[in-house]
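*Asks:* What follows is a structure written as structure tokens; I'll ask about it next.
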């Protein structure tokens with residue numbers, strides 16, 4: 001039998017070398033790109049706040065709301081010449097002025113609809129506010145006596161404050177964004193709830209004018 005002389009293929013090692021070189025070149029390219037990537041920029045939150053603050057327009061006016069929870073409704077009485085209706089009681093101090101109107105002037109008992117007869121008194125309050133506190137923050141507070149349910153009294157106080165605010169903005173034409181409402185319900189009475197006279201004094205709406213200079 002004749003013997004076959006099989007010689008190893010010389011091309012195999014050459015192809016392996018080529019493949020190896022291609023792979024090595026690819027790895028080198030990837031490594032080069034990775035080294036040249038710029039690291040992400042770290043921004044300090046404090047720096048961001050500083051930059052944003054620096055962008056504020058110098059003409060921007062920042063207003064501060066008063067602390068409506070710290071109103072003292074027992075401050076001394078004041079006398080404003082433009083308020084001649086005895087149904088309106090004016091009280092004031094160095095920080096704010098209170099225009100107080102009793103329930104018997106504004107509403108029927110237990111109701112939150114403003115009676116037409118009260119509009120003269122309300123108009124005098126508006127005139128005084130425009131004259132003395134044109135740019136003031138105004139809070140309208142609804143008060144009740146302690147008779148009945150506490151939650152119901154709170155709701156009645158809110159409804160009455162809302163009714164007065166509605167009148168001030170529609171009939172009185174005061175800016176709506178200048179006025180806020182607050183229901184005290186039976187809290188912070190100005191008189192005793194043990195007598196009918198005291199309870200009548202506690203059923204009221206009080207309009208508080210808080211000038212900008214006092215709010216800041």
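For all residues, glycine too, the Cβ spot is worked out from N, Cα and C.
TrEMBL labels come from automatic prediction, so no person has curated them.
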*Asks:* According to TrEMBL, which listed range is transmembrane segment: 12-32, 33-53?
*Replies:* 12-32
*Asks:* Mean pLDDT, the domain 'OmpA-like' (94-213)?
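*Replies:* Across the domain 'OmpA-like' (94-213), the average pLDDT comes out at 93.
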*Asks:* Across the domain 'OmpA-like' (94-213), what are the DSSP residue counts per state (helix, strand, coil)?
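*Replies:* Summed over the domain 'OmpA-like' (94-213), the classes give 54 helix, 27 strand, 39 coil.
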